[in-house]
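Notes follow once the structure below has been shown.
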């Protein structure tokens, strides 16, 4: 008998230990699900509704993630919503970026640490006023590819990408101890022409395979049967989006036609609206947003405020709409937190509304970050683009009988220089012409170093030029951002059609893909000798409206003896026209004060240095404010206040811009403006 007890004692101890452990695991099991009987979410078995705000980690530097998230929490939000831009993480096939500003896992973990839940929107298409709606440009290497469909080439790329991304997200799901409560599949698919349910089913299966059967998957579409017809799919919970101009009852009735039971959800309640170059800055009155938010919350609905902070389209990440209208660098969105993360009147008004329904955290709200006006900084001309081709295109040009697109020369963003020779004398001005929509998006034209003007997509398609037979014809073509919404997201860039000179097709092109990023980062002003006046002839003979595209460089030091520097600032461009600007190799984005409405660019403090002078590099594309005779006129100014909504915008040289290419949402009914988008 004692021997028997000795043998079974370990087993008895194991059973005693196992019982409490299993009970504890069941007691602490995390669950987030839909209770269809009570029309609500259940969080760990208790009724729950989220009040969320959109923040795009790709538009806010990592340096400021915690600051922005804390401000969102202190506003009374219990969740955030964010997109995952595919092209932000896989710039080239199989080359992934998940560190520093691209570290989405850290961003989500940080939200979790701060007590915020997450609504994740991993696409693969996201819209978001982001370059190509988040789809990587390299997909267009298959020229006939049908994006956002069951096209085999597209599905293969999507399957591979989601096979990388979603396993990273699975440990962050709520039921696995993380913050992610729901995951969106695709994005407003009902607004796309393809209406391919096989594609949606493929995504549904892929998401389930990688994330499991317990996670709540959902779709978002405009609150109208037209959009829900192709956007909703059985097995994915249907949600809607609408703004202050919509009838809330009608909007949620649209959702109810697809989801008779379950929580009411507005996945994008618009706190503001997007901007386009050459159009007035969009705003929505605080009172209208607050009133509509109150009405939504009074119905017991879950809601996401799009945007709560907009942020910045750094570098080349802005998108565009059709008819072609590119979005500016600022994505301020008239949101409750400004582009720079500052508290606004709208922030406090919405906090007060939320406080009527949910407990708002106590304690101090993180203040707006201080700004500093560093003043005027002189710049000098470094080199024209044409004089720097050995630096900008070290691998050499590509020869082609006819023009090639950016994708065909392995260039995704930025600039490509197209060069040929004039086949005939043009002593009298001869028309250089592109078919309508043949230049994507702007071409800066010169003949033998003499600026001739600009060809512009959908706008200027013919330019009269002069020159002798055999003269060098240069077109520096700029990608202004790929279309992010609608049927034309397969937006090829460059010279996408043949050009003609007096009706004769131009051939024998030499094409230079320009690596401006590496040139700026690697050289930062050390490009050998500067231009020494040998282009003065171009100044003398060119139209007064244009100069050759050229790089300019300047340096400034952070003042000593002032505590807490560096601080955020804004760079202003008095007298400059259009171009790209870098500080210490960081691509701030596009400036275009000649067109507006944005006149300043946000400069976050973390890119500035106190230990050494800071280097400003500018690529001015149209006209600098100085010449070799007046170099002191080349300057920028650092100010402590943004100007993103100039009241009057003028195109270069001096003509008013046609406004409202894409209407802002009216205050009455969003359904009407959706018909125009």
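A Cβ is built for glycine as well, from the same backbone N, Cα and C atoms used for every other residue.
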According to Swiss-Prot, which candidate in 176, 187, 266 joins 83, 129, 333 at the substrate site
187
If I take the Cα of residue 545 (N-linked glycosylation site) as reference, which of the recorded positions 83, 129, 187, 188 has the closest Cα?
129
Select the closest residue to residue 333 (substrate binding site) from the following recorded positions, measuring between CA atoms: 188, 247, 464.
188
Recorded positions 83, 187, 247, 555 vs residue 498 (N-linked glycosylation site), shortest C-alpha separation belongs to 187
Spatial neighbours of residue 464 (N-linked glycosylation site) that are distant in sequence (at least 6 apart) but have CB under 8 A
429, 430, 431, 432
For residue 247 (N-linked glycosylation site) and residue 187 (substrate binding site), determine the Cα separation and express it in whole Å.
22
Give the maximum pairwise CA distance in Å, whole number, for the residues 83, 129, 187, 333 listed as binding substrate.
19
